[in-house]
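Q: So TrEMBL lists these for the protein:
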TRANSMEM  70-92  transmembrane segment
TRANSMEM  104-127  transmembrane segment
TRANSMEM  148-172  transmembrane segment
TRANSMEM  178-199  transmembrane segment
TRANSMEM  211-230  transmembrane segment
TRANSMEM  250-270  transmembrane segment
TRANSMEM  282-303  transmembrane segment
TRANSMEM  335-361  transmembrane segment
TRANSMEM  373-392  transmembrane segment
TRANSMEM  398-420  transmembrane segment
TRANSMEM  441-466  transmembrane segment
TRANSMEM  472-495  transmembrane segment
Amino acid sequence: MSDEKNPNEYEKGDASSTVNHVELELGISEPVNALQRFANKLDAVCGVEARGIERIPEELRERAMTYRDYIHMFTIWFSMNCTANQLTLGVLGPVSYKLGLTDSILLCMFGTIFGSVCTGYISTFGPRSGLRTLNVAKYTMGWWPSKLCVILNLCIELGYGLIDCLVGGLLLSAVNGGGMSVIVGIVIVALITWVVVTFGIKWFYKFEQFVWAPTVLVLFVLIGVAGPHFDTTRPSQGTGAVLHGNRLSYFFLVASGPLSWSSAAADYVVYYPKTTNRWGTFAATTCGITFGKLLIEFLGIGLGSGLLLNPTWEQAFESDGIGALVVEAFRPLNAFGNFCCVILAVCIAANNIPGTYAAALNWQQLGAPFAKIPRPIWSTFSCIIFTIIAIAGRDSLFAIFINWLSLIGYWTIIWITMTIQDEYIFRKGSFDWEIWNRKDLLPHGFAALFAFIVGWVGAVLCMYQTYFTGPIAALVGHGADLGLPVALGLTLICYPPARWLELKYVGR
């Protein structure tokens, strides 16, 4: 079969982050159909990013890096993660796993750091390669197996889209005392997301650069008004294997949150120059995710711990979910509290925008026919899909969130483990980024596919979910989700010998 060719090439120009206020060349230089020509018109008229998944040459990204660029990178990641939907993940510790405040905070902190470190590593490939994340995955997974990663990542991004819209919709509905339908709130968050994502990377950078500020201010208000009601003395429930199983499950559930960014981590820093310090990229990404998530997840843990002490909180949460709980926590502030809830709901788009931006690129990565359809059309399509699903699933947020997030961690940790081994054991840090779209030169992916399947089978045997408990997971207390560490361990063992055999007998 002939190589998959992308129809677009780059128009030469100067590329920069918004920090240095240099305009990005975002158009398609050689459009091959009416849709691409229309996308170029939008770029010329109002600055809509038409560029898709092609590699960004080094000469278009070349410029001097300053400390402000790394601060900008940190700010983007912080803003993307410091959003109200993260409250849900914090609440799960005390509510779903019956953990005390101290246990929940410690597990949340170390789980978040673990997941953030993994994503920080993947993000460093953006400036190095000039490639989108799952184009980099071709170098480990191979041509066809990498399509599996694309499909799985689409599920991640669309899943997070519906979760973000649900939380925003629940908040806005609760603020209005139920007078506004949750559906209307979902549509409002989806529309904000669609506008920014459709315009592309420049609007994305500008939005994320500033949207964190009102969120953080509102969170400090929430600390002041709700903090006295947190239960700081209640211990974790259960003993022995039951307690250990709950702790393990919550740790790896929390780790799955930042891990979910790994499959798109390079997409957001791909316009940075090749000379960008790799450790600087790693540190900015890891710290941005960690601090952004922990600030709001710790608050979620506090709210969850206070449910049993506050009957009104418990009633609000059981009847209308996380949105009503937040509104009830702000209740003493009356109208100003409602205003704070509206800010939190609207700013959820900061978490939804980057995922939808990555989803639009993933559609193009499915194959050449998909790549001919411009990115803005795919972003519109993605918004429509998750909005419809969010409306349909608005009554089962918690079940969706728990089941979805754990599944994300399973496959991403398998791929990250193979990527690390491939870089340091087999490639010795050397990549030829020019062959990113050459099926005849990239690995076949037999070894990666084998290790991926083995890791996934291990995850299934050790998963602990509402719909299925693996036989190994069932051995720990009432069940413990061990899918992520087992998938990591099996991949760590299986991939190196399989890749050695592939190189010896297949040659690439």
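Here the Cβ of each residue, glycine as well, is placed from N, Cα and C on the backbone.
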Q: With a Cβ cut-off under 8 Å, give me the same-chain residues at least six positions beyond the ends of the transmembrane segment (104-127) that come close to it.
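A: Here the qualifying positions are 61, 89-90, 93-94, 97, 133, 136, 247, 250-259, 261-263, 265-270, 272-276, 278, 281-283, 285-287, 289-290, 293-294, 297-298, 301, 304-305, 409, 412-413, 416, 419-420.
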Q: Which sequence positions outside the transmembrane segment (373-392), separated from its termini by at least 6 residues, show Cβ-Cβ distances below 8 Å to it?
A: 28, 35-36, 38-39, 42, 48-52, 157-159, 161-163, 165-166, 169, 183, 186-187, 190, 193-194, 197-198, 200, 356-357, 359-361, 363-364
Q: Taking 211-230, 250-270, 335-361, 441-466 as candidates, which has the most Cβ pairs under 8 Å with the transmembrane segment (148-172)?
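A: By Cβ pairs under 8 Å, 335-361 leads among 211-230, 250-270, 335-361, 441-466.
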Q: Between the transmembrane segment (472-495) and the transmembrane segment (441-466), do 3 or more CB pairs sit under 8 angstroms, pairs being 6 or more residues apart?
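A: Yes; at least 3 Cβ pairs under 8 Å.
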Q: Which stretch, 70-92, 178-199, 250-270, 472-495, tops the Cβ pairs under 8 Å count with the transmembrane segment (282-303)?
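A: It is 70-92, which has the most Cβ pairs under 8 Å.
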Q: Please check if the transmembrane segment (70-92) comes into contact with the transmembrane segment (250-270), where contact means 3 or more CB pairs closer than 8 Å and the residues in each pair are separated by 6 or more positions.
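A: Result for the transmembrane segment (70-92) with the transmembrane segment (250-270) is yes.
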